[in-house]
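**Q** Before I ask anything, here is the structure I am working with.
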Amino acid sequence: MAATSDKIMNRTQDGFVHHASSGLKSGLNTTATITSSTVVANTHFDVIIIGAGFTGLMAARELSLQNRKVLLVEARDRIGGRTFTTEFENEKYEMGGTWIHWSQPHVWTEVTRYGLSIVESKGATADRLSLLFDNGSRLKIASMSDLFTEVCEVMNKYSNVDGVQGRTIFPLPHDPFAAKEINQTYDKLSMQDRLDQISSTLSKEMYEFMDAYLSMNSQCRLSESGFIDHIRWWALGDYETFRLFDKTSRYKISEGTTALAQAIFNDCHNVQLLLSTPVVSVSRKDDNNITICTQNGQLYSGRTTIITIPLNTLYKTEFIPPLKSEKQRVINERQCRGGSKFAVKLEEPIGKWCGYAPYPNPITIAFTDDEDGSIIIGFGMEDLIDIQDLNAVKLELNKFLPDIKIKYIIGHDWRSDPLAGGTWGWYRPGQVTSNLLTLQENEPPLFFASSDTANGWRGFIDGALESGLTVVRHVEHYLNEQTE
């Protein structure tokens, strides 16, 4: 049986909170830090899963339901991967992946299965907007009702690269290669290329607003962000601006992402979990025998291994013998690293508010997240701001909201995280059609799965669950073939 997690909040090595009054920084507490199993020496597993994020957790649960003996190995001191919930001063904060939607099939199935609920990020539909123009030097206050019609028109124009709102590129949003030849054409474009194509039809202010809005999605310079990944989001968002916004930025799990991770883990049977156990190498001895070596020199063996390590850090793992050269090439290329995410608690609430600013402003978008507007969630491109520096964050937020006072800042630097190497998945121009299928290929008894390589909601919790379910099917087929 999997170890049942308790409700005690243990401190994780991930994340920080920085108090304005004391100037002190401290770590974060989360129920995602649970007790590791004691693995009996010389145990041979059916499957060793590297990584206890949502992909690994889903794979562990489903394989355990097939009565497979599973070892789940996680480098962090907690489960959940690039998501975890912390509580501070009676407030819940999501440090990584957050937003879900009932049209995301895999995550909504799990929310329903475990009786979880959703809550709205109020600032996502704010009426009051702060817009920074002219390289952050000019502040404009507007209302969403003033911009609503024009934003929809421009987003339609930006996405309508094929004359039918991208439908020829992604006719089946969960099948990225349903129109592969057309994909190859548009995969060459960067998001900047496409914005430049329509720039003559935009006012200077709307151009800068679109720069900020689009940069938020990739958390990277538009020139380095693949346009086809925008069209994938657009298609999954029903080819419509505010449906897309609802699906990506508006609703989150009331109980927290960690509650979902724990629920999946607690449903596992015959799964042993090792936390704080980085894997440094994976050795294939034959078609039915793999040995993993951990950072402290421990060896564990199994018939198969599922690797769920994020794409931007997968290159650090040694494979013996080496992977196929093409697969290693695309692993070494990695993808966009993303930027920063943080939350601040204000001394006084400000109501439903949202702010946008284009590159090179350190904060691309920020919005209030709670009922009264005392919590702001902010996102920045690349590493243009040190989110652990309270004064730096306050300086940038004051450009949007000159009179606010910050009580504390809380967050986790995913971009500098050696186990993540970035935030959510977004490919560079040309990488979807040249790299994705190769990344998805397995080299049995090695199998690969990750939110970064999902077909549908890649980079979301839903994509992680999809990838976990998909890899289990392949592993089960392989194991059954080996025993026939």
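Placed from the backbone N, Cα and C atoms, the Cβ positions cover glycine too.
From TrEMBL, for reference:
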type: DOMAIN; residues: 54-475; note: domain 'Amine oxidase'
type: BINDING; residues: Thr55, Glu74, Ala75, Val279; note: FAD binding site
type: BINDING; residues: Phe379; note: substrate binding site
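Map these features onto the structure and tell me what's around them.
**A** Summarised as a single figure, the pLDDT of the domain 'Amine oxidase' (54-475) averages 96.
Its own atom aside, the Cβ of Val279 (FAD binding site) has 24 Cβ atoms within 10 angstroms in the protein chains shown.
If you take the C-beta of Phe379 (substrate binding site) and look for same-chain residues 6 or more apart in sequence within under 8 angstroms, you find Met216, Gln219, Gly339, Ser340, Lys341, Ile363, Thr364, Ile365, Ala366.
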**Q** How far apart, in Å, are the two Cα atoms that lie farthest from each other among Thr55, Glu74, Ala75, Val279, the residues recorded as binding FAD?
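**A** Site span for FAD, by Cα atoms: 17 Å.
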**Q** Tell me, if you would, which residue among Thr55, Glu74 (binding-site residues) has the fewest other CB atoms within 10 Å in the structure shown?
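**A** Minimum Cβ neighbour count within 10 Å, taken over the binding-site residues Thr55, Glu74, occurs at Glu74.
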**Q** What are the other residues, in sequence order, whose C-beta lies within 8 angstroms of the center of the C-beta atoms of Thr55, Glu74, Ala75, Val279 at the FAD site?
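**A** Near the FAD site, the remaining chain residues are Ile49, Ile50, Gly51, Ala52, Gly53, Gly56, Leu72, Val73, Arg76, Gly81, Thr277, Pro278, Thr308, Ile309, Leu419.
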**Q** Count the other Cβ atoms sitting within 10 Å of the Cβ of Ala75 (FAD binding site), across every protein chain shown.
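**A** Step by step: centre on the Cβ of Ala75 (FAD binding site), count other Cβ atoms within 10 Å, giving 21.
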